[in-house]
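Novice: Below is a structure I'd like to ask you about.
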Amino acid sequence: MELWYTEEHTDKVRFSIKVDEQLYSGKSDFQRIDVFKSQEFGTFFTLDGLMMVTEKDEFIYHDMIVHVPMATNPNIKNVLVIGAGDGGTVRELTRYETIEKIDMVEIDKLVVDVCREYLPQTANKLDDPRVSLFFEDGLKFVRSVENKYDLIIVDSTDPFGPGEGLFTREFYGNCFKALKEDGILVNQHESPYYEEYARGMKRAHKRIKECFPVCRVYQAHIPTYPSGHWLFGFASKKYDPLNADIEKWNDLGLKTKYYNTELHKGCFALPNYVKEMLENVDE
């Protein structure tokens, strides 16, 4: 009998992957966690039936959420990562020798434990000596921090369930306070294509705009995420990613599979329908 993983992108659209075997299924205090093995996408894991990471395309997401801010300000030393239990964001950050400290706050320890066992491709740098793991609510964590971080990356689930609090105005305001005077905030910004996801994207963008003087959106193609068209939010107290001297990034000699400095400029060029959504977030 064939086994398929199927995810509802809307009540009228489904996305399926043929599965060789299910490697893990469990429930934490926060969510259901499943790990599958497939020929097309390798090992992949889901939370509450929603795709989080696949071995085949994770490099796209993790390249774009990390290297865009790091190229914008190469002097980043202290980083806060919220969510990111699979470890891929931390893995990319540890490639920068100039980074001195990475605090990772993940509400669900079981996610990290499962990814350490089944997804070493992404979780293999969580033991880097610069990394400190905190298993607590990211919303509460940033409330008590002030003027500490050069970069905050919000690598969260979608804006419902355990990740819901990470899309509020209070949260973004606390992130602003936790950042130093030239700090950068980057977050996964949902998809603009399907209505439910677009609603979440517009709501988050509106709230970030209310907190930060520099507020931009960039995009990437991620095949296993709803519609494949995925957005990231870039907010900053000082740096505009389109005016930064990003060519210095090339001198680092980092080998990436997706990100490059030409793409850095191009990824901020958005389709008209997305630009119109972002311009009309106040309506």
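Count begins at 1; order follows the chain as displayed.
Just so it is clear, glycine is given a Cβ too, placed from its N, Cα and C backbone atoms.
So Swiss-Prot says this about it:
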ACT_SITE  ASP155  active site, proton acceptor
BINDING   GLN31, GLU106, ASP137, GLY138, PRO162  S-methyl-5'-thioadenosine binding site
BINDING   HIS62, ASP86, ASP155, SER156, THR157, ASP158  spermidine binding site
DOMAIN    2-237  domain 'PABS'
Novice: HIS62 (spermidine binding site): which of the recorded positions GLN31, GLU106, ASP137, GLY138, ASP155 is the nearest Cα neighbour?
Specialist: ASP155
Novice: List the residues of the same chain that sit at least 6 positions away from GLU106 (S-methyl-5'-thioadenosine binding site) in sequence and have their Cβ under 8 Å from its Cβ, in sequence order, or write 'none'.
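Specialist: Residues satisfying the criterion: ILE82, GLY83, ALA84, GLY85, VAL112, LEU133, PHE134, PHE135, GLY138.
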Novice: Distance between SER156 (spermidine binding site) and GLN31 (S-methyl-5'-thioadenosine binding site) at the Cα atoms, whole Å?
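Specialist: Distance between the two Cα atoms comes out at 13 Å.
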Novice: State the Cα to Cα distance, in Å, between ASP86 (spermidine binding site) and the residue listed as 'active site, proton acceptor', rounded to an integer.
Specialist: 10
Novice: Looking only at C-alpha atoms, tell me how far ASP137 (S-methyl-5'-thioadenosine binding site) is from ASP155 (active site, proton acceptor), rounded to the nearest Å.
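Specialist: Distance (Cα to Cα, whole Å): 13 Å.
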Novice: Specify the count of other C-beta atoms within 10 Å of the C-beta of ASP137 (S-methyl-5'-thioadenosine binding site).
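Specialist: Neighbour count, Cβ to Cβ under the 10 Å cut-off: 17.
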Novice: Through the lens of DSSP with three states only, how would you label GLY138 (S-methyl-5'-thioadenosine binding site)?
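Specialist: The residue in question, GLY138 (S-methyl-5'-thioadenosine binding site), is helix (DSSP, three-state).
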Novice: Taking the Cβ of the residue listed as 'active site, proton acceptor' as reference, which residues of that chain separated by at least 6 in sequence fall under 8 Å from it?
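Specialist: Result: ILE65, VAL81, ILE82, GLY83, ALA84, THR89, ASN187, GLN188.
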Novice: State the count of C-beta atoms found within 10 angstroms of the C-beta of HIS62 (spermidine binding site), not counting that atom itself.
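Specialist: Taking all protein chains shown, HIS62 (spermidine binding site) has 26 Cβ neighbours within 10 Å.
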Novice: Taking the Cβ of GLY138 (S-methyl-5'-thioadenosine binding site) as centre, how many other Cβ atoms lie within 10 Å?
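Specialist: The answer is 28 other Cβ atoms.
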Novice: Under a three-state reading of DSSP, tell me whether HIS62 (spermidine binding site) is helix, strand or coil.
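Specialist: In three-state terms, HIS62 (spermidine binding site) counts as helix.
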